[in-house]
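The transmembrane segment annotation in TrEMBL covers A:36-56, A:63-81, A:112-135, A:142-161, A:191-211, A:231-250, A:256-273, A:280-303, A:315-338.
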Amino acid sequence: MHKRLMSRQRLWLLAGYAAAATALFCAPLFLSDFRLNLLAKFLAFAIVALGLDLIWGYTGILSLGHGVFFGLGGYAMAMYLKLEASGGRLPDFMDWSGLSALPWFWKPFSSFGFAFAAGILLPALLALVLGYFTFRNRIKGVYFTILTQALVIITVTLFIGQQAFTGGTNGITGYGKLFGQSLASPDTKQMLYWVTVIALIAAYALCRFLVKSRFGKVLRAIRDGENRVRFIGYNPAIYQMVAFSISAGLAGLAGMLFVLHVGIISPSMMGIVPSIEMVLWVAIGGRGTLIGAALGAILLNSAKSVFSESYPDAWLFFMGLLFVIVVVFLPKGAAGLLGQFKWLRRRRAKHGEGDGVHYPAV
Amino acid sequence: MDVIVLQLFNGFSVSSILLLIALGLAITFGLMKVINMAHGELIMIGAYSAYVVQNLFLSYMPSSMFNWYFIAAIPFSFIVAFLIGLLLEATLIRFLYGRPLDSLLATWGIGLMLQQLARTIFGAPNVGVTSPSWLNGGMTIMGDVVLPYKRLFIIALVCLCLVAMYVYIYRSHSGRRMRAVMQNREMAACLGISTRRVDAMTFAIGSGIAGIAGCALTLMGPIGPSIGTYYIVDAFMVVVLGGVGKLIGTVFGALGIGLSNTVFEYWTTASLGKVLVFLCIVAFLQWKPMGLVAMRSRSLD
């Protein structure tokens, strides 16, 4: 009986996934080019949210540095596109800054394969190095969070300061073509949208696989009681490093897609505020549930694009208020709210006796 | 030689500002384990309080008194930030004890709202605060090295705050209650200390010191709604580097970051200097993960 119920639930779940995927794939049929581009951007953000959920919702480590990883991915793709657009000449902003030759670290980015790999591997590597030097020493919780925030500040300062190599405050923009197709044409945009949908589904599948696997169980165990995990004989630092690194790689992937959709990357997109906004997406959608995190990113950004166009001031108030409300009243986010309703109903049916699950204080 | 003295003085000056900001954090973060991201906005409130006091003096006091507005502004900033801290603790922070990361997010939201509020009230552009004339100019030593009075005044103010904090925390009855609650909450409550009142008081004092820091910052240049965000992360790094629970750690943390920042920026560029400081902090934490001065404890977490 129980098993059949589970399988029916599974069936519904699968049907839901299929419906969502179909809706995403068919979106170009009933959305204008402008809206489609926006949606594509939000889907890229959803990939960041998935990665962030993996590290925060499942492992209990709050990173305020995902803007950096996102930005690194974005810059990798932007460097390729810029070199492609400059067609063998020096990119324009280097000319303005008085550089006469292409810096050595720009050279390999003329190949798409290298740029793509770097967009994922560079953030992952940076996260791995930072993780190695922090988790190994049991620098965790708040200390780690503050370090990631410092990482954001110094990266932004560095990117603004090294104007000749990074384009400074303006960032890198003015691309033309990708694989010979103009980035501005609606056909390319539609193609890129589909690429993003596929990337999002792949990222979701990867995260779901990780979360359901033994690896994911250890991650949750680390979240709920790191020392116990250590005493059982696991080395939490390795798991934290790997999870952090995967999460950063996903952010890098999202950054690359973002650049393709928006056509610009600049230090302001990897600063403190965007980084913490990413956390808000996950918090609102529901940390600890992948679908919640992804939906949170899409919904919150849609709300932002609607609101901030008409009331930019009210939006900041609203965002601040959201932070407070979610943290104080909805620690599990919107997905948790849904679960709570279900739980209440079941409880009413059973008459008392809670299941004793509570969110740990991280 | 002149250059070295000047750089050293600049380093001390940067350290003193960092220390003033980090002192408030050391209390709220170090003693209460609350990450108050709105600390930067409390600084902003202190700065705007000084601005308001200046304007009041301009309109209602004889102009001969204007030079003394700054003396009135310091306690006024403290009181305003203190009261807002009290309000914040009573309405929000008390629900977040024991959840440091959640407190970080919620207070960041509060900070965002306070910034927007300041933008609504005072306008988005920066406003200037005229420093009193007795702080203009500087002291000349060794022939041609000029030490500005403003920076000397800030260093003196920080020393004063430090001594006051030391006396309050280690030499007064309420300070003893504060330390008792932070070290062992249950036991302190059993002995009849009202932990609620101590929590509220501690947080409010930390906020008040942020107000003084904001008041001091008005001497350094124009102020704007987002003035606090420039300093807040650096100040948190001071607390992380210095270790929590002891004032002396914060002092050394601020000196370490302030001096190394100045030295590295002098050697390289401003942006590379920051990177080097960050790398040094991470390297230092390899050696002492709990910071310079750590409270000894047998508990694991």
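Note that Cβ sites are derived from N, Cα and C of the backbone, with glycine treated the same way.
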Practice item. For the transmembrane segment (A:112-135), could you work out the same-chain residues 6 or more beyond its ends whose Cβ comes under 8 Å from its Cβ atoms? Key: 65, 68-70, 72-74, 76-77, 79-80, 143-144, 147-148, 151, 179, 236-237, 240-241, 244-249, 251-253, 255-256
Revision key, fill the gap. Lying 6 or more residues past either end of the transmembrane segment (A:63-81) yet within Cβ distance under 8 Å of it, the residues of that chain are 48, 51-52, 55-56, 106, 109-112, 115-116, 118-120, 122-123, 126-127, 130, 144-145, 148-149, 151-152, 155, 159, 166, 171-173, 175-176, 178, 183, 244, 247-249, 251-256, 258-260, 264-265, 267, 269-272, 274-276, 278-279
Point to revise | Highest-contact recorded stretch vs the transmembrane segment (A:36-56), from A:142-161, A:191-211, A:231-250, A:280-303, CB pairs under 8 Å | key: A:280-303
Review point. By Cβ distance under 8 Å, which residues at least 6 away from the ends of the transmembrane segment (A:142-161) in the same chain are close to it?
Key: 61-65, 67-68, 71, 75, 130, 134-135, 168-169, 267, 270-272, 275
